[in-house]
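Read through the structure below, which is laid out as structure tokens, and then see the notes.
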Amino acid sequence: MQGQTRWLDLRFLIGWMFTIYGVVLAGYGLVANPQVEVMKGHNLNLRTGVPRFVFLEADKKRETGTPEIQRQRLMGELLQYPQPSRYREGFFLLSWKSFFKRQTNMVESIYSENL
Amino acid sequence: MGKTLVHTVPIDYVMIAFIFVFVLGIGFLLKNRTKTGEDFFLSGRSIPAWITSLAFLSANLGALEVLGMAASGAQYGGTHFYWMGAMPAMLFLGVYMMPFYYATKVRSVPEYLKLRYNEATRGFNAISFAVMTILVSGISLYSMGLIFQVLVGWSLTTSIFVSAVVVLIYVAMGGLTSSIFTEVIQFFLIWLGLLLIPVLGMVELGGWDQMVSRLPHGFAHVWSHMGTPDSNAMGIDWLGVVLGLGFVLSFGYWTTDFLVVQRALAAKNLRAAQNTPIYAAYFKMIVPFLVIIPGLMAVALIPDIGKAGGPSYNLALPLLMERYYPPGLMGLGLTAMLASFMSGMAGNVTAFTTVWTYDIYQAYIKKDASDAHYVKVGRWAVVIGVIVSIGTAYIAADFPSIMDYTQLLFSFFNAPLFATFLFGMFWKRTTPWGGFWGLLAGTLAAVLLYVLIPEGYFASDQAGNFWRAWAWVAAAVVTVLVSLFTKPKPESELKGVVYGLTEKVTYAGHAWYKRPGIQALMVCVLLVFLNILFW
């Protein structure tokens, strides 16, 4: 049941979609690095792909929690604390913040290189 | 095949295939959870506001909207369609009209018309909506096929069939929930795939000021060139924009079109339903950066766009995509366009299905069947709706101009319908037959105005669209006149249906960010700020 609800959580689905597109794009950018006339010298695939990939990775790491929390969870001390959905929701927001930050960094780097 | 704009590589097809698999997977996931009519047609009225609001916006962000608004940016400049057109209407829907739609427990817009007026008004609206929605869905199917033919050289049949069948399968399985879920996912995908266009455009042009200096005068402003009709590309003054677009046309669309209203009806409670269009307004505010700005960039970068011999305005966005996106990213961009197309079509199909099942089939063909029977009819309606859309797409391929008219006609239905709703909800003296004749007269007036005024009379097509707001006036006058001479419904029947006879809901106990009124006010402030910033 838990597994099923997880799949019906839109945030979870969107996270996976971003990850998969990120991995495919970044991988392709690393291997092939195709260029277009106007934007010569930029590996656009890699730059678009990587931030999207990183953002879900961060999400996953946070979700498992620190070793201390993991231990407490195992011991049953934290039965109430990490309410799965609330917990994910909070970190969803967090990871969005880091996502946008990375996104701005990327844009800025394109900008500065261009100048 | 012939010459195509874009050279695709296998990786692009992997990207495109993935989104098809993804949305089909969602359909399968939701199939077992969709049992009752309430589930299939209304998502069990259980969806949180952030999801319904994204779906609300995404259902409207179809391919015609994305390509069309980029074209409009390139042709006329300005962001009136968003910051003057859509948003005030969305706020009005959320704050004032949603309580009537949601609290009366109606399942569709025509059903409200029956509650407020009579069977005839409902029947007229249901049939015109069903027919026109399916035609428009076919037209957008055709436009999409055309873009992909020009861009990557797929045949019309390939793109029409593949995307239509995918939409058919996931909507038939999961009903409105499936449509809403995929719309939200597609909303993010559209941003993911298209956001880089304005960013890279800015990089190439060297910033905002550089872009503005290469644009025709006034394109990057909203109001400063609206003083007289001759000073802007639309050929219309500010009053025409405010009354024609801001009031009649956009209120007509956003507050009465079941395609968008249906998303709010799926919300889990009245507050979520009210917040649906209001949250959506926040997102709507930033859509111009995704579609209008690329339109402006296209003018700056591709000088012969829209001129004789040059590419058409409709290609503004695809041409920029071709300019900037390498293979790989191109696949993502194409996927985003397909996603926008699929969310628009799924929106049309679910709205059609509900209106057909509840307002035509249940009302006129089979009255007292079991719930399971109606779900089955709904699933078949999806199949038939998609098949008819495909047929329409091929008709459109043969008679492009006729199909343009159909779509225009559809917009005619909304303007008078808004008069019918405004009087119905806020003036309890409006009588059933007043509503019916007003709606009929308004629709006829819209058609007549369109047929009788010769082509080329207006400065631009857009100006003609705006002045067709007179249809609203016709509907309003006839509604009032007929109402004064016919018998109104007894007040006991109008409780909860009309403004003066309904208890007002209050959210005083809730936190400020949960209250629709306060949220709407905040959007208003932002809206005024944006209008001044880009004055």
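Keep in mind that glycine also has a Cβ here, set from the backbone N, Cα and C atoms.
Over in TrEMBL, the protein carries these features:
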- B:13-30: transmembrane segment (TRANSMEM)
- B:81-103: transmembrane segment (TRANSMEM)
- B:124-145: transmembrane segment (TRANSMEM)
- B:151-172: transmembrane segment (TRANSMEM)
- B:184-203: transmembrane segment (TRANSMEM)
- B:238-260: transmembrane segment (TRANSMEM)
- B:281-302: transmembrane segment (TRANSMEM)
- B:329-356: transmembrane segment (TRANSMEM)
- B:377-396: transmembrane segment (TRANSMEM)
- B:408-427: transmembrane segment (TRANSMEM)
- B:465-485: transmembrane segment (TRANSMEM)
- B:517-534: transmembrane segment (TRANSMEM)
Seminar exercise, completed: Quick tally over B:124-145, B:151-172, B:329-356, B:517-534 of CB pairs under 8 Å to the transmembrane segment (B:408-427) gives the top stretch as B:124-145
For this session: Run the contact check on the transmembrane segment (B:151-172) against the transmembrane segment (B:238-260): 3 or more C-beta pairs under 8 Å, excluding pairs closer than 6 in sequence.
Result: no
For this session: Flag the pair the transmembrane segment (B:517-534) / the transmembrane segment (B:184-203) as in contact if three or more Cβ pairs fall under 8 Å (sequence separation 6 or more).
Result: no
For this session: Flag the pair the transmembrane segment (B:238-260) / the transmembrane segment (B:13-30) as in contact if three or more Cβ pairs fall under 8 Å (sequence separation 6 or more).
Result: no
Exercise. Does the transmembrane segment (B:281-302) reach the transmembrane segment (B:124-145) with at least 3 CB pairs under 8 A, where each pair is 6 or more residues apart?
Worked result: no
Exercise. Quick one: do the transmembrane segment (B:184-203) and the transmembrane segment (B:13-30) have at least 3 Cβ pairs under 8 Å, skipping pairs fewer than 6 apart in sequence?
Worked result: yes
Exercise. Cβ under 8 Å to the transmembrane segment (B:13-30), counting only same-chain residues 6 or more beyond its ends: which ones?
Worked result: 162, 166, 169-175, 177-178, 181-182, 185-186, 189, 328, 331-332, 334-335, 338-339, 342
